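Listed in TrEMBL for this protein:
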type: TRANSMEM; residues: B:24-45; note: transmembrane segment
type: TRANSMEM; residues: B:92-116; note: transmembrane segment
type: TRANSMEM; residues: B:122-147; note: transmembrane segment
type: TRANSMEM; residues: B:154-173; note: transmembrane segment
type: TRANSMEM; residues: B:205-223; note: transmembrane segment
type: TRANSMEM; residues: B:253-274; note: transmembrane segment
type: TRANSMEM; residues: B:286-319; note: transmembrane segment
type: TRANSMEM; residues: B:331-353; note: transmembrane segment
Amino acid sequence: MTAPLLSLRGISKSYGQIRANQAIDLDVPPRSIHAILGENGAGKSTLVKLIYGVEQPDSGTIMWKGAPLSLASPAEARRAGIGMVFQHFSLFETLTVVENIRLVVPGRKADLAERIRTLGRDFGLEVDPFAHVHALSVGERQRVEIIRCLMTNPKLLILDEPTSVLPPQSVEKLFDTLRRLRDGGVSVLFISHKLEEIRAICDHATILRGGRVTGHLDPREHDVHDLARMMIGRDMPEPMPALARSGGDKRLEIIGLDYRPDDPFAVPLSGISLTVRSGEILGIAGISGNGQTELAALISGETELPREQRDRIYMMGKDVGALDAATRRRLGFAFVPEDRLGRGAVPEMSLVLNGLLTAHPLKLLKHGLIDRKNAAAFADECIRRYDVRTPGPETEAGALSGGNLQKFIVGREIMLSPKLLFVAQPTWGVDIGAASAIRRRLVTLRNEGMAILVISEELEELFELCDSIQVLHNGKLSPPLVTRDTRPEEIGRYMIGARSPSGKVLA
Amino acid sequence: MSAFSGTILPVFVRREHASLTATLLAPPLALATAAILNLGLYVLMGRDPAAVIYAMLLEPFLSWASFSEVLLKAGPLLLIAQGLAIGFRAKVFNIGAEGQFILGAIFASAIPIWFPQATGQWIWPLMLLLGAIGGAFWASITAFWRVRLNANEILVSLMLSLVAAQLLNYLLLGPWKDPAGFNFPQSVMFQYDAMVPILIPGTRVNVSVLLALMLSLAAWVFMQRSFTGYKLQVGGLAPRAAGYAGFSEGRAIWLSLLIGGFAAGLAGAAEVAGPLGQLQRSISTGYGYAAIIVAYLGGLHPIGIVFSALFMAVLYIGGDNAMVSANLPIAAVRVFQGSLLLAYLVAVAFVRYRLEWRRPAYRSPS
């Protein structure tokens, strides 16, 4: 065996009482794609931060090309030839794509823009170099991050959950990219919880659980259930079977909605029609940046419709076009937004106060004052019922990991027992154990008669959850496709705008 | 090659939690820093630093007479700063408390000027109420344009302060000029019942200080316990979360500005119905602007503001003392205030961030 490119021995790191990494050993050979597998809180992020120089280990050694390496900062890591694409983006929203990249990569704007376009074409990461980042969807922002990393020609590329926002076609394309990079002499450290993906692309995997290594193996030699068991320490929960139902009352109806946003970079919507009935889950598939953000804000009431458009959205049979977000919630609407920090939760506030954000009608107020006891009890219950890993309800929301905060927000909205629940990206960044718990919960609620609308980029998720799926592409919504009569490839064709005549269309 | 690659300077690292220690230490450290810098300045100016320190920071406490003046100054600062802090927490930046203060003084003065013969204990409370309404009215202009046209509230409120000063000038040079006042730009002296009752006999300290303390308590309940205060804070910390939860931004702007204007107007009324006893051109010595510093120095927290208002008042009175006894120019007090705010803003950065000295790095030879 060749000498490893990167080699860790006995790496440990603690944050106060929490031992995030304990005696981690890891070898990444040259020309390999190496997976790090683990649930949220298993220590994946910490380990990666140590390799990328964001944090320094308490003990242990890092060897790079056979020599000891100590990194004081990510800048040094980049100089040494280690690049990383983070799960949380670090882009300046007020700058354009090319300006963001120019902060890290020297060069003239025009040349950089050309390189961005070339990389985009080669790797399926199309993005307009002159678009402002604030106007990009989450998916497009991740593309920018990946491109920025590729531009510094790293020897080791770390990717933290890179595929979570890509459509199936682009995932395959990205994998091609990664294989080509590997063949060109770049090793890839691939962090994911999507076991199928890891089996498809990685030649080694290191499994972490509770901050320790629980196994080194070749993922191609094990099936998904084996991997999952090693990762979560027990068997995977089975998906919840959906009861057949029909003919519930209409809880959400959108009829021929057109929307022309003020922001020139936002996606205009045209002719959007959909219906969600009680006891039904409707999924909206599509690559992000095709109008999901705009549609979600129109349904939630955060974006107001122009006056002449106000008879297009109905909730529980009422025209809500002129009603604000709070009034729609009072009708029995609840919503989990795709951005958790700063929208679904206030990062600087405790979980108790974040519970109050939308759950205040649940007797958490007394004569206009906050009822501290009830508010704390609500947060406690939400933490317990939805398995939120946190030191306690007084913890600030910003200190929680993305997945745990998502569990809290989903829990909070479900505890409102809404008539209509709208969830954007329900399990994005959530570990598989918790993700399957959330999905089971959604199906249970559907069986109990709740109307649920889900926006997701993960097709497997939509196929597991939904009674029917509509695809959003370029601001237009496909007709509803009955999930059990439709194959993923057909949805995929709608996702890239190639209409399929063969999909079974609901009457 | 050098073994050290550049990172000798410490870096800012975001803390997971706001640091309580840093929160509490920030004001005294800022004060110490500002004091040292300004003492250096006084030495450069050829003044005796010990004399300045004595006059500025100690003398105000050494006699009851001068300490009562401190309390008198602290009253309006406290009132205005509590009102402003609520808006600042909601990220509504009302910089025009000075104008709202003047309007409060004008509204309150209308009663004794139009009804100089009136008597009864209802007059001064009504004046305070009218003053508060006047301040709120002036702030509502800013709120209207901000909500209606998205006009920046900083600019509108600031410029309205200049308009308010001109309005005051017009009234004092025209319709409200005291006919027996030898053409001085000031109104008639107010009657006895138009004066806020004295709280401590033998001083000029009046009931409005108590009022300011009570409203501080109310501000605490409002910000820390009420749902409306919570909504304002959500709007300030995470505007998109407020939109998501359906908290109206327009309502937050209106409420923030009305509260700020109400408090500033009340302070203006208490000033003309208190130590001044008439409407005159120099009713405000920059209270509206100093209160901005007071609000931030108090950490935008109702309890912190009580202390910072008291401290700022000491600085006013001590500054006056130092002008007399240590021959300090008036600008020196302003410089002290400004450097104090600056030092504080630097210090509060450490509430959310900490410095980290990275280990010097060595690189593998490559």
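Just so it is clear, glycine is given a Cβ too, placed from its N, Cα and C backbone atoms.
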Chain residues outside the transmembrane segment (B:331-353) and at least six past its termini with a C-beta under 8 angstroms from it: 12-15, 18-19, 22-23, 25-27, 29-31, 33-34, 37-38, 41-42, 45, 56, 290, 293, 296-297, 299, 312, 315-316, 319, 322-323
Residues outside the transmembrane segment (B:205-223) whose C-beta sits under 8 Å from one of its C-beta atoms, at least 6 past its ends, are 68, 71-72, 74-76, 78-79, 82-83, 85-86, 89, 128, 195-199, 229, 232-233, 263, 266-267, 270, 274-275, 301-303, 305-306
Across B:24-45, B:92-116, B:122-147, B:253-274, the most C-beta pairs under 8 Å with the transmembrane segment (B:286-319) come from B:92-116
Same chain only, please: residues at least 6 beyond the ends of the transmembrane segment (B:122-147) with a C-beta under 8 Å from a C-beta of the stretch. Say none if there are none. 92, 94, 96, 99-101, 103-112, 153, 156-157, 160, 164, 191, 193-197, 208, 211, 250, 253-254, 256-258, 260-270, 272-273
